[in-house]
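Some notes on the structure that comes next.
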Amino acid sequence: MEPVPSARAELQFSLLANVSDTFPSAFPSASANASGSPGARSASSLALAIAITALYSAVCAVGLLGNVLVMFGIVRYTKLKTATNIYIFNLALADALATSTLPFQSAKYLMETWPFGELLCKAVLSIDYYNMFTSIFTLTMMSVDRYIAVCHPVKALDFRTPAKAKLINICIWVLASGVGVPIMVMAVTQPRDGAVVCTLQFPSPSWYWDTVTKICVFLFAFVVPILIITVCYGLMLLRLRSVRLLSGSKEKDRSLRRITRMVLVVVGAFVVCWAPIHIFVIVWTLVDINRRDPLVVAALHLCIALGYANSSLNPVLYAFLDENFKRCFRQLCRAPCGGQEPGSLRRPRQATARERVTACTPSDGPGGGAAA
């Protein structure tokens, strides 16, 4: 095993968390400091570090609070335990873990060194990869789930159950461990230019495995899942255009179409937030560009921040696009103040395995939420 050479190690793809090990040398004025002392950084370097820290702080606050509320709501309220929402729970768990690493990364940007030791280095880098793969795998399964619900409603009665969704979520984490565990093993801390960096130590030849890793991540954590999602929604679009009533009930059809749109919006947000960093990594790896150009470095960190921002965006999308989550969020906010109506969220009647259209509602009227 040998560390990735400096020319190749400047950009590790753990949501590029360890890309900031090059941050002190990214600007010529900062790299001119022979001692590598963090105190002699340029004004532009300091300004970028402060901007990144402010952005990460906002993303961390919104992402942690929002995703914890989503998970708590799904666990607490029986009517939210639907197949679609079980997948959403998995997505929220991955997002919450990713946003929990941001305080450590903000400190790294400000201090120009990794002060937290090798154990946290392994945890942070592996969490980034887990988030990347579990998120896109979960979104892919959500799209397949919607395809089955829309195009094969009879089969959906057996396939789309909370129990099977939980089993699929476990399989997603096991599959993601095929990447996350090796990253945890390869993550190390190393001294560099008077500071400590948290980076990946690939086997020899390190440049080869570094390049292979980035290309495989681009293919299997972005291109292939997006192709599957595109096919699923293309088939759904044809079905929705050719059939006026999917379920024989206008009310159920409205719910089905509404939740299909919500999943599509969440997938679209993921693509918009993650496409820039995936493309940037491939360009950075395969094209000879000036990696010390301040504009290139600023664009890189903007792409990284955009990827993290997706983790805080999802709970906002659920709240705006899904009436059930909106009602449950309101109930959760009112509960500490004693504003919750007794029995309004938990109904004595037995829940069915299939998803329904009501959740967290004071009556048995249509809730129009995520349970279609």
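Cβ atoms here come from the backbone N, Cα and C positions, even for glycine.
According to Swiss-Prot:
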type	residues	note
DISULFID	C121-C198	disulfide bond
CARBOHYD	N18	N-linked glycosylation site
CARBOHYD	N33	N-linked glycosylation site
LIPID	C333	S-palmitoyl cysteine
REGION	340-372	region 'Disordered'
TOPO_DOM	1-47	topological domain 'Extracellular'
TOPO_DOM	76-85	topological domain 'Cytoplasmic'
TOPO_DOM	111-122	topological domain 'Extracellular'
TOPO_DOM	145-163	topological domain 'Cytoplasmic'
TOPO_DOM	187-206	topological domain 'Extracellular'
TOPO_DOM	239-261	topological domain 'Cytoplasmic'
TOPO_DOM	285-299	topological domain 'Extracellular'
TOPO_DOM	322-372	topological domain 'Cytoplasmic'
TRANSMEM	48-75	transmembrane segment
TRANSMEM	86-110	transmembrane segment
TRANSMEM	123-144	transmembrane segment
TRANSMEM	164-186	transmembrane segment
TRANSMEM	207-238	transmembrane segment
TRANSMEM	262-284	transmembrane segment
TRANSMEM	300-321	transmembrane segment
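What Swiss-Prot annotates, mapped onto the structure for a quick look.
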residue	record	Cβ within 10 Å
C121	disulfide bond	25
C198	disulfide bond	28
C333	S-palmitoyl cysteine	12
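Residues of the same chain lying 6 or more positions beyond the ends of the transmembrane segment (300-321) and with a Cβ under 8 Å from any Cβ of it are 11, 15-17, 19-20, 48, 52, 55-56, 58-60, 62-63, 65-67, 69-70, 88, 91-92, 94-96, 98-99, 102, 131, 135, 258, 261-262, 265-266, 269-270, 273-274, 276-277, 280, 284, 329, 370. Through the fold, the transmembrane segment (86-110) approaches residues 15, 17, 20, 23, 49-50, 52-53, 56-57, 59-60, 63-64, 67-68, 70-71, 74-75, 116, 120, 123-124, 127-128, 130-131, 134-135, 138-139, 141-142, 145, 162, 165-166, 168-169, 172, 198, 266, 308, 310-312, 314-315, 318, 370 of its own chain, all at least 6 residues removed from its boundaries and within a Cβ separation under 8 Å. Across the range of the topological domain 'Cytoplasmic' (76-85), the DSSP-based residue counts are 7 helix, 0 strand, 3 coil. C333 (S-palmitoyl cysteine) sits 35 Å from C121 (disulfide bond), taking the C-alpha atoms as the reference points. Comparing 48-75, 123-144, 164-186, 262-284 for CB pairs under 8 angstroms to the transmembrane segment (207-238), the maximum falls on 123-144. Same-chain neighbours of the transmembrane segment (123-144): 12, 14-15, 17-18, 84, 87-88, 90-91, 93-95, 97-98, 100-101, 104-105, 168-169, 172-173, 175-177, 179-181, 183-184, 187, 198, 200, 217, 220-222, 225, 228-229, 232-233, 263, 266-267, 270, 274, 310-311, counting only residues six or more beyond its ends whose CB sits under 8 Å from a CB of the stretch. Across the topological domain 'Extracellular' (187-206), DSSP classifies residues as 1 helix, 12 strand, 7 coil.
When pLDDT values are averaged over the topological domain 'Extracellular' (285-299), the model yields 82.
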